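Some features that Swiss-Prot has for this protein:
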- 93-96, 212-215, 235-238, TYR253, 300-301, 389-390: NADP(+) binding site (BINDING)
- THR178, GLY179, LEU180, ALA181, THR182, ALA183, GLY184, LEU185, GLY320, TYR321, THR322, ILE323, TYR324: substrate binding site (BINDING)
Amino acid sequence: MKHRRYKLDDSNLLLSSPCAVASCWYSENPATLSPPRPRHTMPASVHFEISATQRAIKIKGPGQASVEKGCPVPACQPEDILVRVVCVALNPVDWKSADLSPSLDATWGTDFSGEVVVVGEACQSRFALGDSVCGAAFGNNPEDATQGAFAEYVAIPGELVYKIPPDISFEQAATVGTGLATAGLTLYQTLGLSWPDQPVQDAQYVLVYGGGTASGCFMIQLLRLSGYIPVTTCSAKSFDRVKQLGAAEAFDYHSPGCGSEIREYTENSIKYAVDCITNIDSMKCCYTAIGSSGGQYVALDPFPIRGHTRRNVKARWIIGYTIYGRPINWKHPFKRDAQPQDREFAKRWYPVAQRLLDEGKLQLHPLQVETGGLPGVIEGANRSRKHQVTGVKLVYCV
């Protein structure tokens, strides 16, 4: 197989060391990822000069975005690091939030990987220039138009960033941020389940509806590490993969009796269900699967109220951006007050998740590396809107 190597455009970044110039691999077959590239931490003497402007994807209206030049580079606060973006990945929340509550001229995008080029004063004990990192930015932010990952630079609190282990490439790392944060917030903060470093002794079944999604992929693995027994739904073609991740059993969501089948398999014992899909059919399946004594249902999107058919089931939905501890001033139903308790949770969760990544205990979601850079992201989002992307995350080198 042929591969092409493209250097990132470094016209706005002056480096005192030539080895600091990042690069990306593109495969002639976009479904295949090349082996991880070696990365190096820069010596302390390395100096980065950052241009005042950058290219970024800006939201122009519902379903509309464009790549713009001359955009300001986000300011790096004492608690932040500034990252030169190498790769970005698309999530459903990117286009859903921009379609339903667009913040005009805000930078778009959530998941990224890249290299640290500025370290805020409060982060200097943990990060150095040139460190390889990944995370989830607060894109489409109505309060700060410079935030967002679909750009050449992103500023993000150091507490909300993972260092990339040596055996994970920038392309792979770009798929981690949103899924791992959402999985942790759902399982441990919202449902209150036992953490991986203190696994439960009395194993219980937990339903993950949508085990083929990126968040579902992480949830299945985290539940196993936490001592639970995950069962999941997905398409039949994904059965082998979700079982390899740790699912005790997989059920075809196309089956009209899916919920009843799960309830029978788990002997009427399920108390916890997570809905990674969130529509009337997925909610009905989860409510049917939850045992007769009731339980908790958590969705990753606003759920249809008409689907809340059981009084003994507590239903909630979460939005991952609450880990920033700031208000989410989007339109209803996405608008949220600041959740400082979620920020405190994130401060505890990220070090635990970092250890799991470092120890190789988490498999990452399948990805498809696309060409086209930032303009390609817009085209990929349009494909995702039309449900033309399944089972993989689209990744782009910037």
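Just so you know, glycine gets a Cβ as well, placed from its N, Cα and C.
Overlay of Swiss-Prot feature records on the structure.
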{"residue": "VAL93", "record": "NADP(+) binding site", "Cβ contacts under 8 Å, 6 or more apart": "THR110, THR178, ILE319, GLY320"}
{"residue": "LYS96", "record": "NADP(+) binding site", "Cβ contacts under 8 Å, 6 or more apart": "ASP301"}
{"residue": "LEU180", "record": "substrate binding site", "Cβ contacts under 8 Å, 6 or more apart": "TYR162, PHE218, ALA353, LEU362"}
{"residue": "THR182", "record": "substrate binding site", "Cβ contacts under 8 Å, 6 or more apart": "SER215, PHE218, LEU300, ILE318, GLY320"}
{"residue": "GLY184", "record": "substrate binding site", "Cβ contacts under 8 Å, 6 or more apart": "LEU222, PHE345, ALA346, TRP349, VAL352, ALA353"}
{"residue": "ALA214", "record": "NADP(+) binding site", "Cβ contacts under 8 Å, 6 or more apart": "ASN91, THR175, THR178, GLY179, HIS365, LYS393"}
{"residue": "ALA236", "record": "NADP(+) binding site", "Cβ contacts under 8 Å, 6 or more apart": "ASP252, HIS254"}
{"residue": "THR322", "record": "substrate binding site", "Cβ contacts under 8 Å, 6 or more apart": "LEU185, ILE328, ARG336, GLN339, ASP342, ARG343"}
{"residue": "TYR324", "record": "substrate binding site", "Cβ contacts under 8 Å, 6 or more apart": "PHE138, PRO157, LEU160, ARG343"}
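Of all Cβ atoms in the protein chains displayed, 26 besides its own lie within 10 Å of the Cβ of THR178 (substrate binding site). Of all residue pairs in the substrate-binding list (THR178, GLY179, LEU180, ALA181, THR182, ALA183, GLY184, LEU185, GLY320, TYR321, THR322, ILE323, TYR324), the one with the greatest Cα separation is 15 Å apart. Counting other Cβ atoms within 10 Å of each Cβ, the binding-site residues TYR253, GLY320, VAL389 show the lowest value at VAL389.
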